Amino acid sequence: MAASEEPEAPTEPVDVACGLENVPVSVWPPGARPGPFQYSPDHVAGPGADADPTEITFPGCTCLTRPCVPGTCSCLRHEENYDEEARLRDLGSAARCVWPVFECNALCPCPAHCGNRVVQRGLQRPLQVFRTDSKGWGLRTLAFIPRGRFVCEYAGEVLGFSEAQRRSQRQTEHDSNYIIAVREHVAGGRVMETFVDPARVGNVGRFLNHSCEPNLLMVPVRVDSMVPRLALFAAKDISPGEELSYDYSGRFLNRTDGADEGRPGGGKPRKPCYCGSASCAAFLPYDASLYRTPEGPAPVQEGTV
């Protein structure tokens with residue numbers, strides 16, 4: 001080294017999560033950094049949101065001296081949500097839908113290690129944001145994840161329908177689409193809708209890419225209020241270094257049936273899918289309702305969480 005040259009300062013590892021998660025979220029390659037956004041491990045209220053996702057509205061259970069089990073714990077609506085290894089019980093490729101999950105909340109007197117507190121504990125395994133060959137940024141695990149274990153949330157701004165529609169219609173074919181619409185079918189034929197956009201404010205879930213054969217399953221999990229946390233669980237055993245993905249349409253290993261054909265409103269071209277799976281549908285899913293115009297209804301797209 002020449003006398004006039006100064007040694008390069010060591011590069012500090014980038015933590016995408018800004019210290020807000022249990023474990024840091026690294027970036028590859030070294031020195032690279034995703035575009036700017038505000039990191040938040042939880043949902044925040046965005047324009048048009050019907051409820052504040054940070055508000056505690058659920059009553060707590062009364063399990064002070066006994067464990068939380070079905071029949072005595074008011075938070076367990078059907079059966080135990082998780083097994084003794086904290087793995088989601090209701091998980092299977094044959095199911096066309098999943099049961100909503102209610103965890104114990106901030107007003108419950110049960111301890112922090114209660115078996116019905118999983119998603120609220122946050123990240124437990126190291127994840128890495130990395131630059132892919134053809135899909136921009138992606139997310140992978142650096143540790144083995146057993147089938148059924150919680151991986152991360154898809155957190156961001158909770159929007160009203162009009163704002164979600166406005167943001168979707170302003171996108172160009174070159175823009176990344178972060179907005180997800182979750183529709184839950186409840187008693188009486190009602191449908192509960194949740195729109196989340198982590199483009200400006202969000203967590204590590206915003207880096208997840210779509211796959212027509214995903215290794216993650218999204219499940220609405222409620223903790224403190226009716227605003228669901230969009231929790232992603234391992235749909236199979238996932239090896240270290242494997243990219244994490246889910247199906248943007250909300251389906252899970254369900255083959256397309258033609259409902260996704262056509263284009264979003266305004267004749268915008270469909271975005272190609274680069275997942276490379278054997279059953280790749282060639283194009284990314286889109287939510288037709290977000291492109292509906294007053295002149296006529298858009299084609300209906302199947303697929304709910």
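Using the three backbone atoms N, Cα and C, a Cβ is placed for every residue, glycine included.
Positions annotated as domain 'Pre-SET' by TrEMBL: 59-122. Note on the domain 'Pre-SET' (59-122): DSSP counts are 3 helix, 5 strand, 56 coil.
Per TrEMBL, the feature domain 'SET' maps to 125-249. When pLDDT is averaged over the domain 'SET' (125-249), the result is 94.
TrEMBL lists 269-285 with the feature domain 'Post-SET'.
For the domain 'SET' (125-249), the DSSP-based tally of helix, strand and coil residues reads 17 helix, 57 strand, 51 coil.
Across the range of the domain 'Post-SET' (269-285), the DSSP-based residue counts are 0 helix, 2 strand, 15 coil.
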